[in-house]
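Step one of this worksheet: look at the structure below.
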């Protein structure tokens, strides 16, 4: 199918120009496409990108949360910068070539398996790529990221990446700054994940959920060098730096505050948290030196203490305060945190050396020999303070003294040892010429005078020093040239170069005065790192070698020995000050030296015999020799170099002029240029300690191993000279292997170890992904195929429907010739069958048939239509739309056959009179159902969270918390008080017990039910009566409230007892309830029409049994007929015709209906029985047993009554005896009945309790005997009734007299109901031709469906006659028993209640025998009654009445206004107000007719005295 069709089926939205403009309007954008730079198209259901050609100026396009499967349609969007395509169905990155300016691309939550087509050649400025939640899984899917040179933000979270080789890809992304990998398996598989990625990505500033701080990177680099110990140390350095920053900021604030306060009120500055006392400074400094492998403080002293007289004096005071409160380790950490230009490189020293040499050379050229001698001495003195500090694993300090002669050398060596340099750091004393030279005391200042007086050596000294000056100047230049190329020359010239630099540094150091020595290392370090240091400035202005002694410029150039002496004294004073400071720093060196020795032995393999000396100075020298890897070689080279220099001096010093000396020095310096370059490289390596520590390069990696970025941060030096030939000489470090190399080996080993596993897992995952993708493709294809077929079906149906409409409109005549189309009749939904107006009529057809007589259901219509489509398309086509082609005519005929069988049976069963009575019954049924529901709910109101109250005669819910009134919730279908014909649960069928048993399917014909119930009743009743009598012997005092409920008017009693409006389950009980109601309707119809002698042959009996047993399966197949069913229908039709004949004779025997009040019979003060009027008789038509309510004068228990109802779990008939104020039902407690005249208690008989089998037999689903027995049973019942009357006369003293109550009612209401029912029948008849063929209609017209009005009149006459007979008999019994009989007749309306008038009176409802000829009972039943009467005379009548009523309940009374006879006891009769009573004497004549209804068998005269209000 084409793409367009598929879009229509899936319901996705097309991206049209009109729709785009509407979206622009909605988002308040421009209607002119080219004016918009942003377009919001998200959450629109688009499947493809199209029609964007006019939006040429778009810079931002939002397309997330659509159904886009391909990137396309962007050819004109050349200015697009941001494209958002997350939450779509994209599988490949493509078609982005036109968007050359694309900066941000979001492809999250798609189906992408490989990153491609986004390289710099396609998207040259792509900066951000978000591709989270896709199907990326290995390094191959990410390999194209290497081509994204400008990509700086990459989000790969929540993919399936598990390949650790992706680190190699990230290493090649030089601009990657933000990386998100969380949610991938590789995060847990990559060892030291965060450190590894920080080291791999040099520019990374953000990793996953947090930034990459400089501290993180420094710690990662330290971990790479020295492992976890190095990381810990680096972390501690950063912590100290942070603390020092905080402390310095606080101290700065304190100093500013103190500047405005008098001295006595100033606050002290904060001390270091590491040292609370100045006495701990030495210890802290040594710990720092041991940790960091350096002595930075000495380096700072040497390199920084050169302040000018102008600037140094102004800052000394504040700097002293700072220095006093800061420990040396904090100063070091401060340098760590401020990584700028490398302070440690000896740039200033080199420049100072060159400046001093230039000054010396200039002085040599401009002054006479005596002045030269003085300058040389000064230069020699200045060389005494040269100190070289180098940071290695073993810290070392080389303090080398190079005097002009032996005495000078000895004095300087003594000075070095007295100043205590060796107490802080390793001090190497380089022995020159004479190793056995004695050490002289520092105090002997006279030695300096001897140096001056020895003029015979000055010329040679000058020659040597002038040559050295040129050598050092050339060495400094070479040093700067060799620093960047990171290469070594040979190790042969280290001694001479170090000696020269030490002389220079020492000269500058001892020139400092006392005030300048106290300045902090920070300030002076910054000053010395400046490109234009104070030394050079001072030299330019004053042309002085020593800038701190500008005031002595003139005197120095003078040949006066006094100035020279003063200068030497000042130098000695400065040395003393430095010695004192160094001793202060190194007070606690002994313990630290032991630690230093131990750490040194671990790094450099040493022989223990080298540190065997016990002398302090000798131990220190030996320790320095062990710690310094260059020391032995330096010593030897130093000696060689010095020897060579002295030989040159001796050979050139004698007899040369100043000019010749300059020429000689210049020539020889040219010859030694190459060697000096080697010295410069050695010196560069010797001074590399500070940069290594500051930048974390490590103690085992020298400057030539530095990373490029660290090299770029060093001081800018001059041109680079490459000497690759000599590189290998010092390539390797002294130690065996660095931690960096070890880490590399470990990484390589791990990579090799995991390579195979990675490859295998990658292959497995790749196969699984391919399989999943293949399955996805198959499923997608199948979906499209299904939608394609459905589309074709819809199109075909649509076209056919159009053709049908045209054909039905224009060619209506053709319908009769060929059944191409069918008349559907009115199409109604399943909920529209019932009438909505009164009166209510029973349904013509059971719901199982979907009421085809009134209109087909939608399902039937659709089936018919499908068949029509089949015949229209191709009559010969065997299959169309998956259905077998059938003609609609066949289905119509099948429906007609159904109507002929069961539907017509029900029509015959219901006459107009029965329908009219049913209307009245349903009205009363509704009233009683509502009353019973409300009363039971009210009685159980305590069970609910909210209470139920009666408000204005309406049951309302009272909220417990707020007290608000609310209507009751709508009841479920089981409790619905609507009179819909679909709702027939008022007469449900239940079995005894707990109500959990549900009956099977509905019987097909009501006659089967009735016959079966009679057969089972015959077998069980005798046993039941005996069981009841035996139980009464032991439970005479028990009372069971059997006050009649309306005839199955509502649900069974157990349901109402369990009713909880909050937990109504209408699905469980509604279906069986409806089925029971249908059964009841059939039974009722049969009782009205078929109560006479129906003799059926064997064939009919068999047919009924078969039909009944298969009714369950027929309900779901109402449209399918078979020959067996047709036979059944034919037999049933015959039975119906015969039934009509019996019905005509039956109506002749029926009595005239009268609406009578309740009749109560009493003997003395005891109420015998009470018969409810009207609805009681109506609703007893289908009762399986009657419930007799007897009075217990001893005990009344409402709970027992309820228990009885639950045990029977069957519909109870209620006598609705009400007053205007109160409603009585079986939940209302009955008070104890007392005979106020005699004071005696009346014996109460328990009602019979029927077993479950007996009750179930009333609704049995099968036939167990031939239906001919029914006739015999009915005849026996009639005979026993006559015998019963004669037996009562034989026992007059034990029989209770009856008081008859008779009231004639108007027939107006009955006639109105009858007219309404007939009107409905007329409507039904009018529509029958739509469904039935003419033949069937003609047959129906021949049948009689109702009786005439004349027949109704005869019925009324018969009823009156029957009542007369009963009254006459009752009067005779009354006269025979006692003269104390009080015959009281009270006429009440439906709501009157005798218990209100007579306080504690108890009454019981008893169903009246109003049709003796229609009430058969078994001989066994009546014989059992007579046997019990002999055994227990006091209980005989109640038992007999119970059995008779039980038998009577199996038959249906005439559906007209009924008669009620009630017996009762009236102990409070004498207490009633006579004003409200009226007594009349009534005489009646009764005629007993024969079975045919036309012969008078007997005439009786009845006299009664009636009292009423």
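Here the Cβ of each residue, glycine as well, is placed from N, Cα and C on the backbone.
According to Swiss-Prot, the feature repeat 'LRR 1' maps to 34-56. Marked as repeat 'LRR 2' by Swiss-Prot: 57-78. According to Swiss-Prot, the repeat 'LRR 3' annotation covers 79-100. Feature annotation from Swiss-Prot assigns repeat 'LRR 4' to 101-122. Annotation comment: Swiss-Prot describes 125-146 as repeat 'LRR 5'. Among the features that Swiss-Prot reports, repeat 'LRR 6' is placed at 150-171. The domain 'LRRCT' annotation in Swiss-Prot covers 185-223. Per Swiss-Prot, region 'Disordered' is recorded for 252-280, 306-327, 962-1008, 1103-1122. According to Swiss-Prot, the feature compositional bias 'Polar residues' maps to 1103-1112.
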For the repeat 'LRR 5' (125-146), find every same-chain residue at least 6 residues outside the stretch whose CB is under 8 Å from a CB in it, and list them. 86, 100-119, 152-163, 165-166, 168-169, 172-173, 180, 183, 762, 765-766, 769
Restricting to the same chain and to residues at least six past its boundaries, which positions have a Cβ under 8 Å from a Cβ of the repeat 'LRR 2' (57-78)? 10, 12, 34-51, 84-96, 98-101, 106
Helix, strand and coil counts within the repeat 'LRR 5' (125-146) (DSSP): 7 helix, 3 strand, 12 coil
Under DSSP, the repeat 'LRR 6' (150-171) has how many residues in helix, strand and coil? 6 helix, 3 strand, 13 coil
What mean pLDDT score does the repeat 'LRR 4' (101-122) have in the model? 95
Same-chain residue ranges lying at least 6 outside the repeat 'LRR 3' (79-100) that approach it to Cβ under 8 Å: 42, 56-72, 106-118, 122-125, 130
Do you know the DSSP helix, strand and coil residue counts for the repeat 'LRR 3' (79-100)? 0 helix, 3 strand, 19 coil
The repeat 'LRR 1' (34-56) - residue tally per DSSP class, helix then strand then coil: 2 helix, 4 strand, 17 coil
When DSSP states are grouped into helix, strand and coil, how many residues of the repeat 'LRR 4' (101-122) land in each? 0 helix, 3 strand, 19 coil
Using DSSP, how many residues in the domain 'LRRCT' (185-223) fall into helix, strand and coil? 22 helix, 4 strand, 13 coil
